[in-house]
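Taken straight from Swiss-Prot:
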- 35-78: disulfide bond (DISULFID)
- 65-91: disulfide bond (DISULFID)
- 96-137: disulfide bond (DISULFID)
- 158-207: disulfide bond (DISULFID)
- 230-272: disulfide bond (DISULFID)
- 289-332: disulfide bond (DISULFID)
- 318-345: disulfide bond (DISULFID)
- 350-392: disulfide bond (DISULFID)
- 378-408: disulfide bond (DISULFID)
- 413-454: disulfide bond (DISULFID)
- 440-470: disulfide bond (DISULFID)
- 504-541: disulfide bond (DISULFID)
- 33-93: domain 'Sushi 1' (DOMAIN)
- 94-155: domain 'Sushi 2' (DOMAIN)
- 156-226: domain 'Sushi 3' (DOMAIN)
- 228-287: domain 'Sushi 4' (DOMAIN)
- 348-410: domain 'Sushi 6' (DOMAIN)
- 48: N-linked glycosylation site (CARBOHYD)
């Protein structure tokens, strides 16, 4: 047998991190041939202490029964399947001694008399219980005992019965009157045994109890009265409006009313008849309910009534915009109260707002009652399309949100203006973050920035650069040639695409004619950098071969001039 392992606290321990640790231990157990910490046993405790969380196969853990339990020390073993052997039935609850019956009473065993069990005590009718009505089997040192002493059942006692004028009572005892004792009244006789008084009322009363604790007499004592007189009538919970005298004469009428909180059933006026009789039959005053409580923002039925009899009901309903919480009706109880508790009317609430706002967020109020407002806010760079808020409103009998979720669209710049003699190239769109490019038509050069970006300043989207200008390309006159001329203007400024023509000068007075060598017409164009150039070199004017004198040759001397210089703007 393996030696016992030192096992620290009874399980579970404060040092075990609860469910998280338990889950981790279960996970680890599936990967190792070990047992986890054994479950905590309510009836036994380990004899040694350990901080280990895992135990090798074959480990023995020793236990002893806890106070309140009996049994021999035992061990549980970690088996090959990583499960501990069962500790069931190793310890049994100790039993308290059989509880004695109280004097004149009984002890009731509810289930058993073992540790933690409870018993009840009771007394028969006519007796009251002195002491505790229950006891529990608890630990005391190494044993178990009942936590309360056995009570006593005392007989319920009544006080002396009431005395009557012109009469007396008879009973088994004139000093001790226990529960159930009966006394009988009789009237005194006159001289020579003559009957001069009439016994009115119940001749016998007995000792009883309403709460099984205090003894009371079953009713009022009778009276011995002179014939053709009536004693004051008694109506429980009633008040005699007429003079309250000891005797009333024949045919005399008295009036009753009920105490507050009670309602009258029967006639309010009765008349004294022969033999101490009151006619008609005396009324009764039964407990009634006052008008039920008013509920804020609610209507109820039977508002015109001042008193309600037991069993009567009133119904509540809430005003539009409110929900009723509690019972819709109350009923008047025999005790003069309303049951159940009055309801309340709470402001209606809308359901949780579940809509989502892509590229934005929803701002919720503290509550969702009628009038609550949910705000919609777009992220930076986006603008709201739709309602900026939704309100909880009343629609018939329902509370609803009055608008749906809007859309957060990306903010856009204004449509960019097209430069004169230029173009705008939108690459994707004109939303914030997008770029556009500018270009000029042929014959024009771009002055300014060739691109712009849609940016955000505060809440406004605008283009980062002003639109450029497309300026027309102008160049000076083409080169002059000897013995020739061109059609350019004296001031120059030849626009793009303009053509100029060359001709040779005639010299008839000298008998010379020049020939134009090259292109007679050249045109204004541009090179890739936007600079103006002529389409070809300027032509030249030459004499025919062998023609003219030496002077003529000088005049017609060959000059090769190229018009390839740039036209800068």
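Using the three backbone atoms N, Cα and C, a Cβ is placed for every residue, glycine included.
Features recorded in Swiss-Prot, as mapped to the structure shown.
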residue : record         : Cβ contacts under 8 Å, 6 or more apart
78      : disulfide bond : 34, 35, 55, 56, 57, 58, 59, 84
96      : disulfide bond : 113, 114, 115, 117, 137, 144, 145, 146
230     : disulfide bond : 247, 248, 249, 250, 252, 272, 273, 276, 277, 278
318     : disulfide bond : 297, 298, 299, 324, 345
332     : disulfide bond : 288, 289, 308, 309, 310, 311, 312, 313, 338
350     : disulfide bond : 368, 369, 370, 372, 392, 399, 400, 401
Lowest local Cβ density among 345, 392, which the record lists as disulfide-bonded residues, within 10 Å: 345
Candidate disulfide-bonded residues 91, 408, 454, 541, pick with smallest Cα gap to residue 48 (N-linked glycosylation site): 91
Averaged pLDDT score, the domain 'Sushi 1' (33-93): 93
Whole-number Å value for how far residue 408 (disulfide bond) lies from residue 158 (disulfide bond) (Cα to Cα): 88
Proximal residue to residue 454 (disulfide bond) among disulfide-bonded residues 408, 440, 541 (C-alpha distance): 408
Protein Cβ atoms within 10 Å of residue 48 (N-linked glycosylation site), excluding its own: 12
C-beta crowding around residue 65 (disulfide bond), within 10 angstroms: 20
Rounded inter-Cα distance in Å - residue 440 (disulfide bond), residue 378 (disulfide bond): 38
Cβ neighbours of residue 454 (disulfide bond) where a neighbour is any other Cβ within 10 Å: 23
Cα-to-Cα gap, residue 378 (disulfide bond) vs residue 413 (disulfide bond), nearest whole Å: 17
From disulfide-bonded residues 91, 207, 470, 541, the one whose Cα lies nearest residue 408 (disulfide bond): 470
Count of other CB atoms lying within 10 Å of the CB belonging to residue 158 (disulfide bond): 22
Alpha-carbon distance [residue 541 (disulfide bond); residue 91 (disulfide bond)] in Å: 136
Local Cβ density at residue 137 (disulfide bond) - other Cβ atoms counted within 10 Å: 24
